[in-house]
Amino acid sequence: MPALTRNKKKGAKLQTPPLNKRTNSNATTQLKKAAKSHKPPLKKQRKGISDEKPEASNDEEEEEEVSEQSDEGDELGSDFLSDGDGEEDDDDDDEEDTEPLADDFLGGSDDEEEEPLGSDSDSDVVKKSKAIDEEREREEQDAKDELQMNIKEQPDEFRLPTKKELEEEASGPPDLPTLQTRIKEIVRVLSNLKDLRPEGVKRKDFVEQLKADLGSYYGYNEFLIGTLVEMFPPVELMELIEAFEKKRPTSIRTNTLKTRRRDLADVLLNRGVNLDPLSKWSKVGLVVYDSQVPIGATPEYLAGFYMLQSASSFLPVMALAPRENERVVDMAAAPGGKTTYVASLMKNTGIIYANEMKVPRLKSLTANLHRMGVTNTIVCNYDGRELPKVFGQNSVDRVLLDAPCSGTGVISKDESVKTSKSANDIRKFADLQKQLILAAIDLVDAESKTGGYIVYSTCSIMIPENEAVIDYALKKRDVKLVPCGLDFGQEGFTRFREHRFHPTLEKTRRFYPHVHNMDGFFVAKLKKMSNETKASEGDEPVETKEQAQLSSDDDDEAIEELEKPSGASGKPKQDTKVDKNKRRIPISKPNNKGNKNKNANVEGPRKQKKKRSQWKAEIAQAREDKRKVMRENTKESGGR
């Protein structure tokens with residue numbers, strides 16, 4: 001038996017092992033060697049193991065390899081000797097073989113333990129960024145504290161310049177930084193005059209110096225800057241003046257007769273135009289920020305898809321709110337922006353009378369009407385004050401009067417207004433506007449089923465051109481103010497200095513560039529209550545101005561002819577004066593009868609004809625008197 005077992009062992013050693021066992025053993029050894037070769041060196045450094053004995057480690061590896069080979073031999077022998085238990089032994093061996101691999105791979109997880117080093121670097125970056133942010137915040141806070149400190153220190157140091165200093169400044173070129181600093185200081189003092197006013201200095205002194213400095217720095221004349229100082233508080237005044245120095249954004253109005261705003265915006269965006277909807281209050285407006293093509297020369301513009309129009313020009317038409325199939329008059333229509341807007345709201349129905357007094361402007365008006373596809377408009381060329389006798393009184397449903405004005409609300413477009421306008425100019429514009437608004441009221445029919453409204457607007461912020469004109473109309477005609485239908489804008493003045501206006505003027509609306517980012521504008525909407533007129537003694541100075549100008553030439557000629565016969569004798573001269581007085585009496589009597597307005601434009605031509613016929617009769621009478629005197633003189637000389 002022992003010999004038999006010995007031979008079996010020798011035969012087992014000579015036989016080759018199965019293929020799968022050989023491949024498994026080779027694979028496990030290769031994996032172990034690879035795992036050992038890929039062990040990270042940082043593990044020893046982190047655990048504090050020194051590499052002083054490399055020979056010992058090599059010996060250990062050799063011993064491990066020898067033990068592995070002996071184990072493989074034992075496994076092979078046991079495979080031949082065991083029948084059914086061999087599989088379990090193989091599984092156990094595989095588990096034992098995989099355990100060192102698992103340890104090696106777990107040991108190889110030291111690579112993952114290197115992540116805290118990267119996180120440390122990230123934390124350092126975060127700390128540095130936090131430090132930089134804190135330092136920046138500290139610097140900003142220091143700057144604010146320094147600014148506040150300077151502001152607190154300046155009240156004690158600021159004082160108004162003396163006369164000598166002002167004379168020295170006037171002798172040389174303006175020192176703009178000094179002027180700017182002084183303007184800011186004066187505004188700051190005036191905004192809190194009770195606490196910051198120096199002793200012995202009156203408010204008037206600060207205001208006068210502020211006027212002079214603003215006029216020098218921004219280029220306003222004395223009248224205009226004085227009016228603005230009276231109208232606005234110091235802080236708001238500075239905001240308004242600064243807004244006048246900047247241009248308003250370009251805006252366009254979509255022509256709804258030909259396209260929609262969404263479609264137009266898509267087309268213009270494709271052409272490189274940067275735009276947005278104008279605002280919530282407008283459904284047809286677009287604001288243009290910049291454009292790669294000229295916005296006034298695109299194919300869409302030439303086709304009449306839109307109109308270049310300032311945002312403030314939308315407001316009067318929106319307040320007028322015309323309806324379809326109405327008769328509407330635009331008393332000052334050129335260049336046609338408001339007229340075409342009215343036509344689009346009326347959908348080319350009804351009739352629009354577009355009047356323009358200046359002939360050169362008719363060309364642009366008619367061109368825009370054709371380009372925009374307007375077909376319900378009649379262009380006419382009359383003085384607006386004569387329209388009631390042209391169309392007839394009480395003949396239309398609505399009237400839009402964008403009256404000629406001083407243009408003090410559009411200084412950003414025309415800087416010449418700063419120096420060109422005076423108190424006399426404002427007075428002339430106000431007189432013209434009063435005549436125009438009375439003519440507009442006379443045009444409207446109070447019994448219109450859908451209309452009876454007048455919208456008055458100006459691009460001026462002067463009170464004599466706005467609230468004073470509306471207050472005058474309320475006194476002279478049977479009209480009342482109604483809401484404009486605009487949910488934004490500031491209320492109009494009901495009092496200004498010594499002036500007291502009608503309380504309903506709070507329904508009017510004012511628009512400013514520093515508040516609404518549009519040109520300065522004024523809008524008022526009137527409702528005609530009846531077709532009667534109010535008569536008062538105050539009508540004559542303003543209302544008869546045009547008639548006096550029209551008949552002045554005839555009066556001068558007639559007076560000269562009346563004075564000619566007076567040279568022959570002194571008695572006829574005295575009679576002529578009596579005749580002249582008699583002539584004036586019948587003219588005033590018919591006007592006072594029936595409490596009729598002396599200024600009605602319809603009666604203008606009749607009065608003028610009556611005057612001419614009267615003058616002819618008086619001239620004939622004077623000539624007859626002259627012949628009688630000459631005959632008497634000849635008789636006396638013949639009798640002698």
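From the backbone N, Cα and C atoms, a Cβ is placed for every residue, glycine too.
Annotations in TrEMBL come from automatic prediction, not curation.
The feature compositional bias 'Basic residues' is assigned by TrEMBL to 1-12 (among others).
Residues or ranges marked as region 'Disordered' by TrEMBL: 1-159 (among others).
Marked as compositional bias 'Polar residues' by TrEMBL: 17-31.
Annotation source TrEMBL lists compositional bias 'Basic residues' at 33-47 (among others).
Positions annotated as compositional bias 'Acidic residues' by TrEMBL: 57-102 (among others).
Sequence annotations record features per position, and here TrEMBL assigns compositional bias 'Acidic residues' to 109-123 (among others).
Sequence annotations record features per position, and here TrEMBL assigns compositional bias 'Basic and acidic residues' to 124-159 (among others).
If you look up TrEMBL, you'll see 240-529 marked as domain 'SAM-dependent MTase RsmB/NOP-type'.
Annotation comment: TrEMBL describes Ala332, Ala333, Ala334, Pro335, Gly336, Gly337, Lys338, Glu356, Asp383, Asp402 as S-adenosyl-L-methionine binding site. There are 25 other Cβ atoms within 10 Å of the Cβ belonging to Lys338 (S-adenosyl-L-methionine binding site).
What TrEMBL records for Cys459 is active site, nucleophile. In sequence order, Ser312, Cys405, Gly407, Gly409, Val410, Asp519, Gly520, Phe521 constitute the residues six or more apart from Cys459 (active site, nucleophile) in its chain with CB-CB distances below 8 Å.
According to TrEMBL, the compositional bias 'Basic and acidic residues' annotation covers 532-546 (among others).
Among the features that TrEMBL reports, region 'Disordered' is placed at 532-640 (among others).
Per TrEMBL, the feature compositional bias 'Low complexity' maps to 589-601.
For 621-640 (among others), the entry in TrEMBL reads compositional bias 'Basic and acidic residues'.
Each of the binding-site residues Ala332, Ala334 was assessed for Cβ neighbours inside 10 Å, and the highest tally belongs to Ala334. Residue counts for the compositional bias 'Basic and acidic residues' (621-640) under DSSP, split into helix (H, G, I), strand (E, B) and coil, are 19 helix, 0 strand, 1 coil.
Counted within 10 Å of its Cβ, the other Cβ atoms near Gly336 (S-adenosyl-L-methionine binding site) come to 27, all protein chains included. The number of other CB atoms found within 10 A of the CB of Asp383 (S-adenosyl-L-methionine binding site), across every protein chain shown, is 15. When averaged over the domain 'SAM-dependent MTase RsmB/NOP-type' (240-529), pLDDT in the model lands at 94.
If you compare every pair of Cα atoms in Ala332, Ala333, Ala334, Pro335, Gly336, Gly337, Lys338, Glu356, Asp383, Asp402, the residues listed for S-adenosyl-L-methionine, the longest distance is 20 angstrom.
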